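To keep things clear, I will list the structure first and then write my remarks on it.
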Amino acid sequence: MPAPLIEMRGISKSFGAVMANEAVDLSVAPGEILGLLGENGAGKTTLMNVLFGAYAPDAGEILVQGRPVTINSSADALAVGIGMVHQHFHLAPRLSVLENLLIGIPGKSGRIDRAGGLARLNEIGRQHGLTLDPDLPVTALSIGEQQRLEIVKALFRGARLLILDEPTAVLAPTEVDGLFSALRSMAAQGLGIIFISHKLNEVRALTHRCVVLRHGRVTGRVDTPASTTSSEMARLMCGHEIVPPARGPSTPGEAVLTLDGISTSRHSGMALRDVSLSVRAGEILGIAGVSGNGQRALAEVISGIRAPDAGQMTIAGKMVARFSPREVQALGLGRIPEDRMTTGLVTNLPLADSMVLPRIGTGAFSRNGLLRPDAIRAFAEAQIKAYDIRCPGPMTRAGALSGGNLQKALLARELAFDPKVLIVSQPTRGLDIGAARFIHEKFLAMRAKGCGLVVLGEDLEELLMLSDRIAVMYEGRIVRTLDSADATIARLGLMMTGAEGHS
Amino acid sequence: MSVVLEQIFQVGFLAAIIRIATPLAFATLGEMFSERAGVLNLGIEGIMLLSAMTGFTATSLSGSLWLGVLAAVLTGALMGAVHALFTVALGLSQHVCGIGVTLFSSGLAYFLYRLIFGQQSVPPSIKSFETLPIPVLSDIPVLGPAVFNQFSLVYMAMAAVPLAAFVLYRTPWGLSVRMVGENPRAADSAGVGVIATRFQAVMLGGALMGLAGAFLSMVQFNAFTFGLVSGRGWVAIALVVFGRWDPWRSAGAALLFAFVDALQLRMQASGLGHIPYEAFLMLPFIFTIVAMAVMSRNAVAPSALLKPFRREER
């Protein structure tokens, strides 16, 4: 095996009392793709931020090609050939592709070296199949293209080790294939790659070797990911076996939510075009699609936030006359929004306030125009106990909770009022396996109780596991609705890109 | 209205537009550089006033006009650095600090002026810059005497516009400025010093605001008065939005504002009807409001404007 490109020895990093990394050893050889596996909070991102110079380690050293180096900033990291593609892209949206590449690159006689940049961009594009239009502004690129730009940016700066932090979380299945072939091509040319993920099948398909982190420590090293089972890796990640919940047979009842010919104007993002669907009591309808294909508009219409230009909607058999969140809620709709932090709750207010916010005007929480703080508090305390929400108490600032606990709080808030229909967007995005499992079990319990659920998401495995039927959205339309027995990841993935567009 | 049209094509009228536009152009370009880097500088009004005072004083004491200009530029850059210290290095509220800089600079200007010149019955004045005709070009009929028989500071403003565009769009430093104003984290991860770049941009902006102040006290009025700036700084902030954070458009916005201002001056002088002159005084500002409302609908501010950058924050 060749000498390691990068070696981290005994890295420790703590934030206050929390040990984020403890004595972590890790190395990457040229031409090697290393998987870094672990649940949320396991310390993967912290470790990579140490490597990329965002945090200084408390102990340990970093060696680049055998020589110890000190990395205090991303500039230092770039100088020794380490590039990173963050989960949230670091691009300037209104600048062009080329400008985003040339930032920080010294010019030629005081001017930006446009010709040199173009030549380099083309060269990288040819080598790895990463082509981009240099003059398009970043806003005109798809998420996949923006990620490609981030990768090109790192290579542009001469990175020989590329760190990718959960790169597939934002991609459609077909885009994932493109990414993987580019990564394999880079590895074949001697680059080192660290691939961070908690998706076991991807790690098994792509990486040569992988390191598993739990609670900041290395809990496992897998030298042959391809021939190691997913459940074996999951056990290393979580410390115990994970059994996926089984979705029993159901006997769907009456339709509790119907949409008939719903269309919206293109206000922001993709508009809906003639969308019809129905969800029955005791049924989970999954809605698959690459993000940006109208899911947000659909969720907003169903939640009463946006009124459609055409079409009708019924909830529990009653026509929705006026589209407002209060109206649809009164008809029996519960909602867990896509973005927990901005539309889910108020991060600067106590958790208890956020948990009663949608129903603050009802008799349960206010009387004669005055709040009933005791009732609010009692409600929050009861839910915290029932859902095992980890927080110091109901008066904790909501923003201080972890993603998994926030999602539990939102779920508790909606389920406490026995909705007839529940609409959820990206229910487990960013949650670790344990928290995701809890949410899934709750959904299946709701289904057994006769609630109709609409689950929007990009995680096809999750949708296949939960849903009775799956509708695929593409460019604002529902391309097709499948029984989940007939659906496979490959087929859904294809439909999500607009292929098989007959319904 | 034919009277008005005739007026427009007079040499004097064109020259007036250019003269009114010059300080606005400097100030607008200055504010634009600052905002492009993500820093709103509400200190502009005070920075212009203080620079006008120091420039005037330096000239008055030394007798050298260019020394005065230099003093004004340095004053502007220094106050820019003060604003950057609070908003960039310490990451405090840009609104509050900007207002603070304006109040502080204005107060300091009045105080120092009184301290140096005392209370005089006849306000001190300086011998102003003289016009500098450019050979050949100034012989062009109408346009020549209006545009090419101007003060050297006016020529500087004319040169500043293409220069600003070149720096902003064609140099690595300009790209860094735009990047830190759009996505400082991206700039940081590309190895660009966000704090340093913002500091530089705000200081350059301050220097340009200083030039605007110098023009007012050393060319336009030949004296320092307390009402010297009278809202031109605030107008510049509006013109940056109107000009969509672009040097050429910003300069165009300054010219348009100057045109309306020159027009209302003429209308006052021509005694149109019996309308009180205050009504004419309002015109440029009404124009600004209307133009902003109509033209700025789709204007998009730099994404990171008003947002301080701290590295460890995630």
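Quick reminder: no glycine exception, Cβ is built from N, Cα and C everywhere.
Annotation source TrEMBL lists transmembrane segment at B:7-27 (among others).
Marked as transmembrane segment by TrEMBL: B:39-59 (among others).
TrEMBL lists B:65-89 (among others) with the feature transmembrane segment. For the transmembrane segment (B:65-89), the list of distant contacts is 30, 34, 39, 41, 43, 46-48, 50-52, 54-59, 97-98, 100-101, 105, 126, 128-129, 153, 195, 198-199, 202-211, 213-214, 218, 308-309: same-chain residues at least six beyond its ends, Cβ to Cβ under 8 Å.
The transmembrane segment annotation in TrEMBL covers B:96-116 (among others).
The transmembrane segment annotation in TrEMBL covers B:147-169 (among others).
Residues or ranges marked as transmembrane segment by TrEMBL: B:190-215 (among others).
Nonlocal intrachain contacts for the transmembrane segment (B:279-300), taken as residues 6+ away from its ends with a CB within less than 8 angstroms of a stretch CB, comprise 235, 238-239, 241-242, 244-245, 253, 256-257, 260-261, 263-265, 267-268, 272. Under the heading transmembrane segment, TrEMBL lists B:279-300 (among others).
The stretch in closest packing with the transmembrane segment (B:190-215), judged by the count of Cβ pairs under 8 Å and taken from B:7-27, B:39-59, B:96-116, B:147-169, is B:39-59. Non-local neighbours of the transmembrane segment (B:39-59) in the same chain are 23, 27, 30-31, 65, 67-76, 79-80, 82-84, 87-88, 94-95, 97-106, 108-109, 112-113, 116-117, 126, 198, 201-202, 205-206, 209-214, 216-218, 223-224, 228-229, 231-234, 236-237, 305-306; each lies 6+ residues outside the stretch with a CB under 8 Å from one of its CB atoms.
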